[in-house]
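Contents: one structure, followed by commentary.
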Ligand SMILES: O=C(O)C1=C[C@@H](OP(=O)(O)O)[C@@H](O)[C@H](O)C1
Ligand SMILES: C=C(OP(=O)(O)O)C(=O)O
């Protein structure tokens, strides 16, 4: 297996222009495909996750043109749900933001579809979404394990109605359901049961649906109502903000070892992960934000004890930060780390222990006690882009080896080049 050795670095400084947000890119591609009219998407992320979405849309008959560097895409919207006269098989890799919304939309599209993914996708639950769409009459079969992809969908026009969905494992199920709702023939009321996790991603979804002409009535995150008769309309152009989760690695580098600015995301971001700056500030780092940038500068760091449920992706970056802080850090309320690219609580605890760091892996939290870090440890990344990107930050303490660094391609193919550009 390929690996990369990162020699100890003392300083981080400079500026990084962020790639487009994964969450916004995949929503923009899907909504443009369903909308009436042509949409020009700019600053689109080019990564495995967006390629899976683009490939699926092409098979579903959507026409689009990509610029040479694949960061601009003109999508010719269908103005309606998908339909296919022949059975289709769609491979969606390990992209949650493709698998979940495409499932929901295809339940309401005519045709027969099989949705598959990488082996890990077969371990990532989807039952809460399927239970909800079935309440409206959707016809979905689990092809292997009950509650998990691969799926077979016999799509048909759904007539809307009332459905209940469990929100305690993934907000993506709610986002997926909401994006599919306006295509149905009737009012839709979605009721949430359980504690809703990763809430800010619901705001992203509702905000983007609004940009594409559809209003969702949010009743205090307990019920969502979509009035019938609305349809997606292209906003002509859609600019994808820089990826706020990706920003966290560079901001953390600034907090640990100098001063780093990221551009493409700032004060008015729609992404919940910009709130990672609150973690940085709580730990003592100096943060400045502008309309289109965030800058973070080193200061003595101290441990924190924080609920990070609303920033599940950026929260991982608090792990390497904790290694450079005085005192313990506890990252709380992140039970759903266990059903992402890997079991992230287990993976983090395993690799921290290899570094010689004391930690407690709770059911839904991680407690880290900083200490001396072992040199030249080979970090396993579990096919999880965020494991690779987080542990790159260990190189501000000592030499470290990152196994399978290419797993970054899920959301940030040139991460290690960009990281090399801000360290000396
Ligand atoms: O809706 C989205 O774009 C996402 C929601 C989050 O997932 P969960 O809602 O499963 O926590 C996040 O971790 C994922 O990377 C992207
Ligand atoms: C959880 C993640 O991805 P996905 O969209 O596949 O859920 C992630 O990017 O950290």
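Just so you know, glycine gets a Cβ as well, placed from its N, Cα and C.
With 22, 96, 124, 172, 344, 386 listed by TrEMBL as binding phosphoenolpyruvate, the candidate from 193, 406, 410 annotated for that site turns out to be 410. The Cβ neighbour count for residue 172 (phosphoenolpyruvate binding site), using a 10 Å radius over every protein chain in view, is 24.
With residue 386 (phosphoenolpyruvate binding site) as the anchor, the candidate recorded positions are 27, 171, 198, 313, 336, and the one with the nearest CA is 313. With a cut-off of 6 Å between Cβ and the nearest atom of ligand 2, the recorded positions 27, 96, 124, 313, 344, 386 reduce to 96, 313, 386.
Around the Cβ of residue 336 (3-phosphoshikimate binding site), the number of neighbouring Cβ atoms within 10 Å comes to 19. Take the CB of residue 410 (phosphoenolpyruvate binding site) and look out to 10 A: across all protein chains shown you find 22 other CB atoms. Checking the binding-site residues 22, 27, 344, 386 against ligand 1, not one has its Cβ under 6 Å from it.
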